[in-house]
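*Asks:* Below: one structure in structure tokens.
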Amino acid sequence: MIIRSLELKNIRSYESGRVEFDDGVTLFEGDIGSGKTTLLLAVEFALFGLGDQRGDSLLRATSNSGSVKLTFTVDGEEYTVYRELKRGSSGVQQGELYIRKQGVVKKLSAKELKAEVLEILGYREPLNPRARSRIYRYAVFTPQEQMKSIIEAPKNDRLERLRKAFDLEKYSRAADNANLVSRRIRRESESLEDRSYDLEDKKRELEGLLGEKEKLESEKKQLDSDIEGIEAEIAKLKSEMEVLQREKNRIESAEREIESLQNEIETLRSSSERLMERNRSIEEEYRRSLDELQKCSDIREKLQEELNSLGERISALELKRESLMDDSRRFREASIQYRNLVSELENLIKTGRDLEDEISGLEDYTDRIKSKIESMESIEDPGYTEDEVEAGIRKLEVEVSDLQQELGGIHGKIEDYESIGRRGVCPTCDQEVNPDYINDKLSSARERKGSVESRIADLRNEIMNKNELMKRIAEYKRSREELRLLREDLEKRIKECHRRRESLDNIRERIRQIEEGKAESEKLIEELKDAESDFNKVEHELKSLREMESGYSSKLAAASGRMDQLRTRITELNPETSREYRDNLKKIDENESNIAEKRAKIRENEEALKNRDEVESSIHDLTQSICEMENLRDEKRDRRAAVEGKIEEKQRQIGNLESEIAKKRELRKRARELGNYVTWLNEYFIPAMDDIETHVMAQINHEFNERFQKWFRVLVDDPGKSVRIDEDFTPIVEQDGYEQNLEYLSGGERTSIALAYRLALNMVVQRLTDVRSDILILDEPTDGFSKEQLYKLRDIFDELESRQIILVSHEEELENLADHIYRVEKSDGTSIIEKTG
């Protein structure tokens, strides 16, 4: 990770600030308490959130909101993280949070943003937003106070904190979790044992149920045998019953056949009677048809005579009608023509009156237009164009504006002269001024003022006159356009009036022609009015005779048709020639023959009815025997069903018991398996975790000691003095083979030990977490250093090979080691950052 920029707003002592970071060594220098460490805390807050600290420890006391924006790169990819703090009724909480990557802004919650940052940095840590980043705190940035507290803390506290830094707590957590799991498994195993305590009792209960079931199955087997014998006897009796039943069916069939034959005989008798009645009806209808045929013949002859008489009268009237038809046609044509001429005449008279009214209206309208044209032609041309007048107005307005400016200057001079006259001293040179000179100046200025004001008034009057002229020009242009439109309208109206007069003349000529035709039609109608009346009378009489002729013809046709029907029917009804009559006689003979045959069959069936009582008695006895055997069989079946129910109940009980026994066996088996797990956890896994932690801690101690000694030798050039750490990571200083208390060391030596301890811790944590960090942050690492020790820091930086190192110090001598220098100062409680190198 490489930091590129940091922006703060209302964070601790900062109202606002921005820092640009580059590769190399960046130094933040300033007095103690100026706000240098706040920058480092802001970086940590931007990356990981508040952690276990309170929001009001970061938010400026006088502000209700603040924010930090951090831009950094990882593997060449740039990211920007933004976190906001807001003060509310419940305290200071995080507000808007987002991350920008690949140009896309994504708003997240505190937990989601921390997870995103940890994934980008490759830190494998818990996602709890209220926990600090262990890797960052020990591999990148360790505050000065925290490092001193680690070194000076009691050994148990120091070991506990270093175990967290080295992530060795996972072994003790694993052992503690194993203990919890072991206790839970033991409780589960004991619970399973309790649930399977009565397994042997259940087995004995199962054996008893199996014995009872065996006895019931033996009883069922005997009942099956008894039922089988009874059903065989029932089958034998039913076979005998079937023989008797067939005989009974034969008797019942004979009874039904006798009844059927008797019904058929009765039907045949009824049929013969109907046939004889039908023949008598045919003979009667034959006689009636002969009488009706004679009557129809008489009526037909009378109708034919009447029809012949009507035909002669119709022929005479048709001759008369032909002679009157031509006169009647001419009369109708003359009447139609007369009505059409009258209608057209009325329409033409009305149209003529309308045209006369329209012509009168057009003449009045054209007179009014001519009068208006004469009035508008009297309007005189002003003699100027609008552009000319507008140019004149603009010129006058410019002159007025210039004069007003001059008038303003004159007013100022008059006020100055009056002021000098009152004071008697020139405000520019502070010399006395002659009053006469000032009075002359005042008179001259006032005279010029009056002249200018008079000229302005004249110019304004002239502008007003030109505006009036503009109105007259506009009025003249409007009148010219309106005059053009009126002349065009007048021309159209005159042409329209001329067309209407021509139409009126045409209508008057047509009226004269219609009146002549009307007189001719009236004369012809008068001559032919009697011919039409005579023709209508003949037409009416002819129509009446034809209707009578049609009626007689219909009656004659009906009489002829009825006679044809009667002749056909007489032929059909003649007993000598009628097929139906002869067929009826034949069917009567056949019915008598069939009746004799059916009576013979009745006598045959009556022989079969003699043994009916004997068959019915045998059937009754067999039915009683079968019923008794079936009752016995049903009793046996009921007993067998009861036994089967008991067997099923026993089988259900056995199944439930076997299932319960199987479950209890599984519970006991599972309890023993869980007991084995408890033994493995307590006797093998938990001790192994302790051994692994001890072994890993020893390896870390060895590596830490080597790095601690290496960095101390670089910082302290004293061959007689050496350092090491014991098994509790306590730093031990030896001088010429004797241990030396840390309290007796110089300030520079104690700082060297703390810095060497910090660098060793950073490098070990980086290796253990497999995090390759390109950045190192050191907070006040040189307190008490000599100049020689300060210069040795450059060797340490070169050996660390970090792309970016951030130093916070109040030592100005570190400027020689820094590539980029920022000065932090505090004024009136507000910190300010300024780049100085």
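The backbone N, Cα and C atoms fix where each Cβ goes, glycine too.
Sharing the features that Swiss-Prot gives for it:
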- R12, Q144: ATP binding site (BINDING)
- 197-419: coiled coil (COILED)
- 379-478: domain 'Zinc-hook' (DOMAIN)
- C426, C429: Zn(2+) binding site (BINDING)
- 462-551: coiled coil (COILED)
- 634-673: coiled coil (COILED)
*Asks:* Six or more residues out from either end of the coiled coil (634-673), which same-chain residues have a Cβ under 8 Å from its Cβ atoms?
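*Replies:* Non-local partners: 189-190, 192-193, 195-196, 198-199, 202-203, 205-206, 209-210, 212-213, 216-217, 219-220, 223-224, 226-227, 230.
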*Asks:* Using Cβ-Cβ distances, find the residues under 8 Å from R12 (ATP binding site) that belong to the same chain and are at least 6 apart in sequence, listing them in sequence order.
*Replies:* G35, T38, L41, S57, L58, L59, R60, S831
*Asks:* Where does R12 (ATP binding site) sit in DSSP terms: helix, strand, or coil?
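*Replies:* Reduced to three states, the DSSP call for R12 (ATP binding site) is coil.
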*Asks:* Please give the average pLDDT for the coiled coil (634-673) in this predicted model.
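*Replies:* So the average pLDDT across the coiled coil (634-673) works out to 85.
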*Asks:* Pull the DSSP breakdown for the domain 'Zinc-hook' (379-478) and write it out as helix, strand, coil residue counts.
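*Replies:* Across the domain 'Zinc-hook' (379-478), DSSP assigns the residues as follows: 82 helix, 2 strand, 16 coil.
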